[in-house]
Amino acid sequence: MSDVTTAEFNEEGKYLRKIRSFVLREGRLTKGQAQAIEAHWPTMGLDYTPEAIDLVKIFGREADTVLEIGFGMGGSLVEMAAAAPELNYIGIEVHKPGVGACLGVAGEAKVTNLRVYHHDAMEVLEHSIADGSLSRVQLFFPDPWHKKRHHKRRIVQAEFAELIRRKLKLGGVFHMATDWENYSEHMLEVMNLAPGYKNQSPTGTVVERPDHRPLTKFEARGHRLGHGVWDIMFERIS
């Protein structure tokens, strides 16, 4: 049994920490995912500790570090890491099958610049990531909680924006992407009010998908069906 914090927010965007217990059910893993964790966790896995990690020690070098929150099955994260070997990548995912899938793909791709957490992202950010240490934070296709009464559960809220700002270097970028237009409007509303940020869009709205974010199969299918995807990038300026 593991205690993991999950995020919830009140109407003002105030972060409410709640402790939830859940069982990591090994049976949910495919054989390949379980084997990938066994094979690659010793070199790519990061066990949660409440102290700030030493990035130079973990990666064996000094380099700009990109952190992705909720990488799903990890395919695009591995693709990014493989395409930019000069950068360090950290992924956080709470669902163990996704961690196993990511490690499997990373092992096949032989990437050496990727580390992953199997833990709650809020707790990792609060305690394990030093302030001013990240060049980019990525939040791609988070749960939109599309019902209005559930909007308070959306991860992009005022306190979350401030937490990300603290973890970014000056000039670092918070990059969000969503396929829900209403959530993109919510993201822009929160980020435009967040101090210390500047929207990288020349129009003050969304940006074109940057080259560093791969086009997923799901997204490509959505484009063919006429569905939109909105990328939002804010730079830390103070």
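From the backbone N, Cα and C atoms, a Cβ is placed for every residue, glycine too.
Around the Cβ of Glu93 (S-adenosyl-L-methionine binding site), a 10 Å sphere holds 24 further Cβ atoms from the protein chains shown. Residues or ranges marked as S-adenosyl-L-methionine binding site by Swiss-Prot: Glu68, Glu93, Asp120, Asp143.
What Swiss-Prot lists as active site is Asp143, and the listing cites similarity to another entry. Within the same chain, residues at least six positions away from Asp143 (S-adenosyl-L-methionine binding site) with a Cβ under 8 Å of its Cβ are Arg153, Arg154, Ile155.
Every protein chain shown contributes to the tally, and the Cβ of Glu219 (substrate binding site) ends up with 19 other Cβ atoms within 10 Å. Marked as substrate binding site by Swiss-Prot on the basis of sequence analysis: Lys147, Asp179, Thr216, Lys217, Phe218, Glu219.
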Residue pair Glu93 (S-adenosyl-L-methionine binding site), Lys217 (substrate binding site) - Cα distance, angstrom, rounded: 20
Candidates Asp120, Asp179: member of the binding-site residues with the richest Cβ shell (10 Å): Asp120
Position of peak Cβ density within 10 Å, selected from the binding-site residues Glu68, Lys147, Lys217, Phe218: Glu68
Other C-beta atoms that fall within 10 angstroms of the C-beta of Thr216 (substrate binding site): 18
Neighbours of Glu68, Glu93, Asp120, Asp143 excl. site residues, C-beta within 8 Å of centre, S-adenosyl-L-methionine: Ile69, Gly70, Phe71, Ile92, Val94, His95, Ala121, Pro142
